[in-house]
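*Asks:* So TrEMBL says this about it:
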| type | residues | note |
| --- | --- | --- |
| DOMAIN | 124-402 | domain 'ABC transporter' |
| TRANSMEM | 474-494 | transmembrane segment |
| TRANSMEM | 501-518 | transmembrane segment |
| TRANSMEM | 530-550 | transmembrane segment |
| TRANSMEM | 571-599 | transmembrane segment |
| TRANSMEM | 611-628 | transmembrane segment |
| TRANSMEM | 640-660 | transmembrane segment |
| TRANSMEM | 722-748 | transmembrane segment |
| TRANSMEM | 814-832 | transmembrane segment |
| TRANSMEM | 853-877 | transmembrane segment |
| TRANSMEM | 883-904 | transmembrane segment |
| TRANSMEM | 963-986 | transmembrane segment |
Amino acid sequence: MAALNGSEYFEFEIEAGRDSFARASNAETVEEDEEELMWAALARLPSQKQGNFALLRRTPSGAAGETKVYAKTETVDVRKLSRSRREHVVKKAFATNDQDNYRLLFAIKERLDRVGLEEPKVEVRFKNLKVVADVQTGSRALPTLINATRDTFEPTANLMMFFFSGIYRMTLLLGPPGSGKSTLLIALAGKLDSNLEVCTHWTSAYISQTDNHIPELTVRETLDFAARYQGSSEGFAGYMKDLTHLEKERKIRPSPEIDAFMKASSVGGKKHSVSTDYVLKVLGLDVCSDTIVGNDMLRGVSGGQRKRVTTGEMVVGPRKTLFMDEISTGLDSSTTYQIVNCVRNFVHQMDATVLMALLQPAPETFDLFDDLVLLSEGYVVYQGPREDALEFFESLGFKLPPRKGVADFLQEVTSKKDQAQYWADHSKPYRFLPVSEIANAFKNSKYGRSVESSLDVPYDKSKSHPSALSKTKYAFVAYKFIINWILLIFFLRFLTSLLHIFKVAFVGFVTCTMFLRTRLHPSDEKNGQLYLSCLFYGLVHIMFNGLSELSIMISRLPVFYKQRDNNFHPAWAWSIASWIVRVPYSIIEAVVWSCVVYYSVGFAPGVGRFFRFLFLLFSVHQMALGLFRMMASLARDMVIANIFGSAAILIIFLLAGFIIPKDMIKPWWVWGFWVSPLSYGQKALSVNEFTASRWNEKSAIGDNTVGYNILEGHGLPHNDNWYWIGVGALLLYALLFNSLVTLALTYLNPLRTSKTAIPLDATEENCTGEGVISQEEGGKKKGMILPFQPLAMTFHNVNYFVDMPKGLVEIPYILMQTIIYGIITYFMINFERTAIKILISLISWLLLHIGKYFLYLVFMFLTFTCFTFSGMMAVGLTPNPHLAAVISTAFYSLWNLLSGFLIAKPNIPGWWIWLYYINPVSWTLRGVITSQLGDIVTIIDEPGYRGTVKEYLEVSLDYGPGMIGVSAAVLVCFCLLYFSIFAFSVKFLNFQRR
């Protein structure tokens, strides 16, 4: 080239890091020779080992002005890469610091083309797809009790969605909310209906709008888990052997960076994967890879980062057919553009298929797509090349105005409110064009006919790549699923389990000091009743510990359903692993309770009876865990599960044989006694204790032994074989419940709370009676003018307020519960009805006892309110519902123990009597019993006691007169205290801080 002074000079392309016109240094020459030797050494390895080793070139070091240290090449085992080496492999393969995978994918494609290997291709085809759904119109869609009742008896309208036909590659799915985008994506992914025949459902992945993740895992751990369970190594592993063989045969030497990346990506079954580092780089998540994902209550990554984790969880696998639903929610336009651009590179270089739904893509993002599908009201109104969409709508009379984005125009042109502003055919008046007419116009246009003609040509299956579609449903064999899930669940439950164990030890300490052996003696039936109370309380407490399984399992279900539907693992693997992990915890809880309580209380001292006691508690805990896991898997909703869980506990406790002996249970409820799992535990524990030799002393009451009288008085068996019958029944129940859990997880789907609604037809203000807007009136053009006026906004002393939860928004519901419960129980239990003659009218009876009935309702209302506010307090003081459930069950257990029912107030040791007075349940019992029975003078003539009912309450329970008002006042104070603590916690505590 000529210089300014007329002289000539030449430009040389100098290799970076080498001085101009300088000869290669000895160090560089030696390095090149060593690399040649390494390649030769790799070539001499057996074929099965060549894929395990690669050459990794270090980045040259040396600052400006210093001697350059040339890159050193070393041989690495791709099966044993450390985190730093995995990141280095990805960095070298990217060949850029930008968030762009084009160079990497282009180099991989070029390497395959040089040896004639084709990338497996998947093409999505469908024809005449129609979806029919039940919908509500207008106000019928509101979730009210009246509408729910009407929906039960009245039929709903049918909504039909016609998705026409199509062939997709890099396609944008566009449409306003409610147009059917998610329905189409779910249908094509094979997840809409199990009867829908889809050939690619093992090869495709649906990326949902919702972000359901295990919150305790970091971003890297989440993607590593997804990569391992989806078999991310299958992508390159399918042809790495053939690729290496062909390159060796043709003496082609690949780029060491690309070779190392592909070999490392083909390694499967490892805890960490190079594919994870690749996806972290592509999605810009490498900066937060070690941050936990988090959720609403556990602070983790941001909302936009969590949305990218949802995307990365699916693209990290080998699936080449992706149906992506609103992946840009929470992302800025720049990040969205980078992600879509990387997806576009993946589609074009790797022959993948992507159908991506975006709500309002920016113009630069919109231009990245090859094809476009436009939906509105369940119809396909356009499908074809992106650049031809405007031409189609211009043929209908609509034109894109200046300074308007194409994507916004396409979504608004089908809307009844916005369509008129885009009318451009002034030769005829504007008439609203319904979506159905636009869809028919497209079907009859050259664009619609082009789609139909392409589908008329059958797919040539002879050109199908053998590895294009996945042949197996899961990436792991059975035992690996179970082992991996056991390790993960153990990690997730470790801290919660430690808290459970501490709770068992603490409550056990309180129990053993309540029933201390120095205060109990196995001498008579009165002391035997206390021993029986302690045994029953132990069963109740162990079973209550399983209640927290409800909230824990329901919180895991959304993640489970996502992973199950995307073939991460079978349902039985997750169920069995969850069951196995609970076994050690059941053993530990049984051991802790037995060691703390058994000898401290002074149960039968034989070693054999101690281990039988321990084994029975283990069986009860396993049964309880299975029961509550079954309820969670069937209910699939926290509110429903809590309702059924509470009802199950009450029924099981009531019919266990302790609160009501078997002989006193009504005939129509006797079957419940035999069905109740707790009754078998009560029989087994009672037999284990009261058949011991120390209870064989002759009783002062009758001719039988003390142990026999205790068992007989509660309708319990006397034969020692009932211990093994009880244990066997409990273990069978555990097996039954866990089997039902597996079936529920396999066949049930998550509850769908959202319903499609069709708005009632409304007359548009700018429409005439015929639905026509005149374009000209009085010689003046009429239309929509879009004025633009710049506005300035200033702020001063801006305050942000959040309304405090109103504990009063619960009182009406509690009052309704109280009235219903009071009406059912008060008249059915028959409080003081023995003196009332059958012929006395109901009205006179009510007048006579209206005061007692009112007091009964008052105490029930205060009790329900107290428990409601205590639950709110527990949630407000703890960082998550799981911890709240653990703490609540501990309080419930102590409240039951110190209520004055299992052990009467006169028998409570002095060092625990203060707990009796701060126990709301004890005041409830005192208030209810004294208000209903405190004035009864009926004579009780039973073994061990003779006197009136009133005297029995004063002597045995220490329920003196004049405490009804005090009991009510104390309960009111408890309600105010619990609600005040809840309000304080909501106002001042923040568990979302890092």
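Yeah, the Cβs are placed from backbone N, Cα and C, and that goes for glycine too.
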*Asks:* Counting only pairs 6 or more apart in sequence, are there at least 3 Cβ pairs under 8 Å between the transmembrane segment (853-877) and the transmembrane segment (963-986)?
*Replies:* yes
*Asks:* The transmembrane segment (814-832): which same-chain residues, six or more beyond its ends, come within Cβ distance under 8 Å?
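*Replies:* For the transmembrane segment (814-832), the far contacts come to 849, 852-853, 856-857, 860-861, 864-865, 868, 932-933, 936.
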*Asks:* Which stretch from 501-518, 571-599, 611-628, 883-904 shares the most C-beta pairs under 8 Å with the transmembrane segment (474-494)?
*Replies:* 571-599
*Asks:* Residue list, the transmembrane segment (611-628) vs rest of chain: Cβ under 8 Å, 6 or more residues beyond ends.
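*Replies:* Hits for the transmembrane segment (611-628): 538-539, 542-543, 545-547, 549-550, 553, 579, 582-583, 586-587, 589-591, 593-594, 598, 603, 645, 648, 677-678, 681, 684-685, 688-689, 723, 726-727, 730-731, 733-738, 741.
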